[in-house]
Amino acid sequence: MGSLKNEGELEESKDAILYVNGVRKVLSDGLAHLTLLEYLRDSGLTGTKLGCGEGGCGACTVMVSYFDQNSKKCVHQAINACLAPLYSVEGMHVITVEGLGNQKFGLHPVQESLASRHGSQCGFCTPGFIMSMYALLRSNKTPPTEEQIEESLAGNLCRCTGYRPILDAFQVFAKSNIYYTQMVLSRYKNLKTVNLFALQLANPVLVDPTRNC
Amino acid sequence: MSGDHLWCSKRAGLPTVTNSDDPPAFDDNNDRRSALVNSDKIHRPEPASGLSKLTASEAEKSISGNLCRCTGYRPIADVCKSFAADVDMEDLGLNSFWKKDAKLHKLPFYDPKQLKLVAGNTGTGYYKETEYYNRYIDLRFIPDLSTIRKTGSQIEIGATVSISELILALEEENNNDLILGVRSKVTILTGVKKEILTLEEFLEKPALDSRHVLLSVVIPSLKPTENGYSEHIKTKLLFETYRASPRPLGNALAYLNAAFLAEICNGDDGVVINRIRLAFGSFGVKHAIRASKVENYLVGKKLSVNLIYEAVKLLRAAISPENGTSHPAYRSSLAVSFLFDFLFPIVDVDGRLHTPPCDYPGTGSRLTNDDCERMTLLSSAKQLIESSHENYPVGEPVIKSGAAIQASGEAIYVDDIPSPLGCLHGAFIYSTKPLARVKNIKLKCENDVNSIVTFQDIPKGGDNIGIKTGFGPEPLFCNELTQCTGQAIAFVVAETQKDADVAADTAIVDYDVEGLEPPILTVEQAVEKSSFFEVPSFLYPSQVGEFSKGMAESDHQIYSVEIRLPSQYYFYMETQTTLAIPDEDNCMVVYSSIQAPEYAQGVIARCLNIPEHNVRVITRRVGGGFGGKAMKAMPVATACALAAYKLRRPVRTYVNRKTDMIMTAGRHPMKINYTVGFKSNGKITALHLDILINAGMSPDVSPIIPWHMVGSLKKYNFGAFTFDFKVCKTNHSSKSAMRAPGEVQASFIAEAVIEHVASRLSLDVGLVREMNFHSFDSLKLFYGNTAGEPSEYTLPIIWDKLMKSSNFEYRVEMINKFNKNNIWRKKGISRIPILQDVSLRPTPGKVSILNDGSVVVEVGGIELGQGLWTKVKQMTAYCLSAVQCDGVRGLLEKVRVLQADTLSMVQGGLTAGSTTSEASCEAVRLCCDVLVARLVSLKEKVKEQTGSVSWELLIRHANMHSVNLSASSFFVPESASMRYINYGAAVSEVEVNLLTGETKILQTDIIYDCGQSLNPAVDLGQIEGAFVQGIGFFMTEEYLTNADGLLVADSTWTYKIPTIDTIPKQLNVQILNSGHHKNRVLSSKASGEPPLLLAASVHCATRAAIKEARNQLFSWNGLDALDSFFQLDVPATMPVVKTLCGLDNVEFYLQSLLSRS
């Protein structure tokens, strides 16, 4: 993890690499039976939850980022980690709810908005909703429409809230909410710096695949 | 996902599914066709010659509407099965990875037994894997398979292109060319030979074997001048896609999909169909089909009402789902509806081209589209709360305790606790037979299993006990005889959860039913055999008045009408889970997600035959309970404890969703018979109910259900009210309390009776409701002391307020107008009241102040997400602030509530029944009063010395003076005032689509009396959340079992709880602050369960809309007689609604048009 090689050497490396929240991980052989969710939770990243194991509830939503060779573009996608074989995200950057923010370094605006607008009750679906919303924001160059927000959450189940407060919490990121969006985006930039900086202090990273995207 | 999964579906004869994740590759083709055919819409401005008008965003909508988007990886057509090549797998380093420069021809020989080809692997979501592969080949990076190639005349989509990639590609494509999916071709690689088939040929072929690879799908672009389509000005292309599924956007399998393409010619004597293609999928056949007979019939003919009538008749016969498909008649009727919707708008009754007044955006139905205005997808909402600040910080909308760490993923649930050294994992083997001897259990993968725990492992002196309630125990495991499907037979223990799950899933249980009586599976059989659980006399509710006298007073009578209500599964997001760790000296530490840790402690001690003080059950938070983790969490905790005890190692389990659904069961199903007498003005004079409750194999808490039911049934003044309850013992999994247990059914029954009476008298149902409202005197008669003070009966105020705030009268008028003007959409509106009495239980509390002035609190109640900790914190801060020193307004930040621990706080009891938050608050208040009394005199003393006293200084002094800074209490409610009634009302407006049976909830307005809310934000969350859970019960959640009683709707694929797109488009909630209630905890009232009952308003509104549809059907001669009353089943799913609206309403409508001309 975090070995100091230069970029050229990295590409030559036969190791299977995965980035999780900015931290470089080397995947050993023989883990083909693992799903990404199992790998994450076994690594102590238990914010990503198992709710159904069949892609039907969204509690395990994480974001993956990679450079798509065909389109020559960086792609950010929300995926259900319970269905993704671990090796299928090899070479990609996985962002989990822990990678967005935390109590110590401050919550990400998406997290903070959901918490402060009473969008969590039992809290078990919460990380999944946050990651669906986060991936939508990352994959859109402009703020999403309200319809896009609702659609991006259609794969997430919540049994406690009845969804209204979750929608309300996320509507502040919609296009129609220009003032707030600007405020959020300015804060978002600062927070992102802090978080990445903190992560890098703990785990030196040479390549952040998302940085140039 | 891999090809073999896909083809398995074909071999196994499973219905193909379209919007599901992977399985529907066939229908993918179908859907892709629909999505890709960027064709002309008939009602939009003419495009430039040869150009299509479908925009990219519509394409996206069309795709998203047709397909699930489980992961962005979802490959479009990952039907790959084999790679015939002579490269050694090891050469490619395929042990784990696929080299990025891989070429198609380098792929190894594909042996499906050894490795699995994946693109997104999302197929495992539907087709569960019971074997695990050690080698996967990822196909996404093979250029041949992963690219989209566009040439002038066609677009070629590689087999592993994901839906989202395709959407992007289409967005770039924009609307240049017409892409015609219906003429698409499929490229298959066999060895080195490429074969190109048309889609139809491909679909007709048998399953591809391991020598074939599906490479790509080629869809020709269509310019009207190329491909033989005439550029003649009078020729038009029409294209439309349709889908009917339980969720508009969310993950759901479709009942039926359709895509239609037609070329029509508007001649002098009418519209003629030159060509037409009609494709249908996902309706219970192996693959999508073309309705060729219907196509042939239509081609070359002049469009007329009669032609459409004949065509839909042919079509109904052509769409026949295979045996075993659910709702076959409904699916056929959908095909008819969609074709009608496609063709009918083109002609008017005279056969001329019909030009509607506006442009129809989006895909899908035209006849039922919104009034030329796009209904926004988004819910909007208004919430009104009245805070009171007199008890600060109680009454403030304080953010829920723990919300931040939940949002950051730092909150720790039981399964998030790191495994201790040597920890094992368990999984249940459950019975699939209702009543049978278990002869033998055989494990397929014995090597992966550490141990198998059964009743024989219970230590000497211990009981085979999994649940205990006041009504009797339930065994942990079946003995030789299983009593129901879903009963635990054994607990398999392995090194990983996956190994344990696979071992349990693949275990083969030998059953023997020889010489056994047949199982009791219905309440009728239970009655026949007198198989009942006894209801203790003190719990049997008392009746009101004399039934015969009430009937004698009545002008009209309705005799013995039956209602059946189904079960509902809890569907907490966190399934049942426990971690049990053996400790020194024969002790056991058990981390459990449970609403009743004290009960689990008792059961574990009984099972292991150890004293209760050896069992420490710890519960920090529960990822959703809803009653499902009250009793039903005990056997899970006990099984882990027993396994840990036997193996002397930590054992944990996280029960998988399917097993949880099957074993935990849910709400009580029941059969109700009512007889009612009433006056001509709608006043009911007598009601008698016979209710058979299906309790399942063990009593659980079922004997208390009648008590709960009667509490909510009495919401109206029925005059004389009598009933007979039987709690039936059957060979079903034991049913337990689920949020508003019995109450939601009871409230619904009362409304069904009212609806029936109104219908019989042809009176407005709202008037009949009001006619039967309680006066305070009758409330007192029905409820006794529970009714409280006259000023506390706020229902009449709520009722009137809601009338105004929801603009009820105006909307009724608008709805009447709407229903007159719309044939295929009908609206309904309903306003219903609810009453639910609740009861407080004794609850302990403990408050301690530490040296630095911070405070720790322990309470009996468990934090389930209902905000109990938040309210307790507010109460602690409020009560301690009575000491009146400086800085007490910041006390809230200093309070921490501790996780429940059965050895730290005894008599914790059960968190249920909506009142645990207030009871815990009251227990804390008692503690704080003691502490404040101890501190006040000291404060005065210090103040004299120093002038002012801060909280911290006071506590330092208290420590110096050895003041006891810890106090505990046991709140015991006074029996005279422990029960009280909660009130609320809701108005819901729905719109029913008569072609599909879909019900849209347009708006709901709720007013709910919280007394003086302890935390209005938390209570608002309870009200809205309960209401939506109720929508699930009444509208979407179909609890389907097989003939043995085994739950078959056992996954997110088949059991549909509400999603973001099923909730009301507008949801307005007002929390009524009804002021002072002297016997309540700081004048507050409960909010956890009663609002769930309000969801019956959605059901009643749906009934009103269907009534309009049936009146119309009657006018078309589609009903023999206009029986004004009909039962609308619960849940009112699309097939149920459509059936009542008329499965053949389209034909009757056309007939009526024909007979008119």
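Note that the numbers count up from 1, one per residue, in the order the chain is shown.
Glycine is no exception: its Cβ is also placed from the backbone N, Cα and C atoms.
Any TrEMBL annotation is an automated prediction that lacks curation.
Small disclaimer: the values here were computed from a predicted structure and weren't measured.
Under the heading FAD binding site, TrEMBL lists B:L214, B:R243. Summarising the annotation, TrEMBL assigns domain 'CO dehydrogenase flavoprotein C-terminal' to B:240-346. The domain 'Aldehyde oxidase/xanthine dehydrogenase a/b hammerhead' feature in TrEMBL is assigned to B:408-515. Positions annotated as Mo-molybdopterin binding site by TrEMBL: B:Q595, B:F626, B:R739, B:G913. Per TrEMBL, the feature active site, proton acceptor maps to B:E1089.
Closest to B:Q595 (Mo-molybdopterin binding site) by Cα-Cα distance, out of the recorded positions B:L214, B:R243, B:E1089, is B:E1089. In the three-state DSSP scheme, B:R243 (FAD binding site) is classed as strand. This prediction places the mean pLDDT of the domain 'Aldehyde oxidase/xanthine dehydrogenase a/b hammerhead' (B:408-515) at 96. Note: the Mo-molybdopterin site is recorded as B:Q595, B:F626, B:R739, B:G913; in the same chain, B:G625, B:G627, B:G628, B:A630, B:A737, B:M738, B:L864, B:T911, B:A912, B:S914, B:G1088, B:E1089 also have Cβ atoms within 8 Å of that site's Cβ centroid.
Proximity note: of the listed binding-site residues (B:L214, B:R243, B:F626), B:F626 have a CA within 10 Å of the CA of B:E1089 (active site, proton acceptor), given in sequence order. Of B:L214, B:F626, B:R739, B:G913, listed as binding-site residues, those near chain A by the criterion of a Cβ under 8 Å from one of its Cβ atoms are B:F626. On its own chain, B:R739 (Mo-molybdopterin binding site) has B:F626, B:G627, B:A1026, B:Q1029, B:G1088, B:E1089, B:L1092 as residues at least 6 apart in sequence with a Cβ closer than 8 Å to its own Cβ. Under DSSP, the residues of the domain 'Aldehyde oxidase/xanthine dehydrogenase a/b hammerhead' (B:408-515) split into helix, strand and coil as follows: 19 helix, 39 strand, 50 coil. Calculated from their C-alpha atoms, the gap between B:L214 (FAD binding site) and B:G913 (Mo-molybdopterin binding site) amounts to 57 Å. DSSP assigns B:Q595 (Mo-molybdopterin binding site) to coil, not to a helix or a strand. Secondary structure at B:F626 (Mo-molybdopterin binding site), as computed by DSSP, is coil. Residue pair B:G913 (Mo-molybdopterin binding site) / B:R243 (FAD binding site) shows a Cα separation of 41 Å.
The 10 Å shell around the Cβ of B:Q595 (Mo-molybdopterin binding site) contains 29 further Cβ atoms across the protein chains shown. In this structure the residues listed as binding Mo-molybdopterin are B:Q595, B:F626, B:R739, B:G913; their two most distant Cα atoms lie 13 Å apart.
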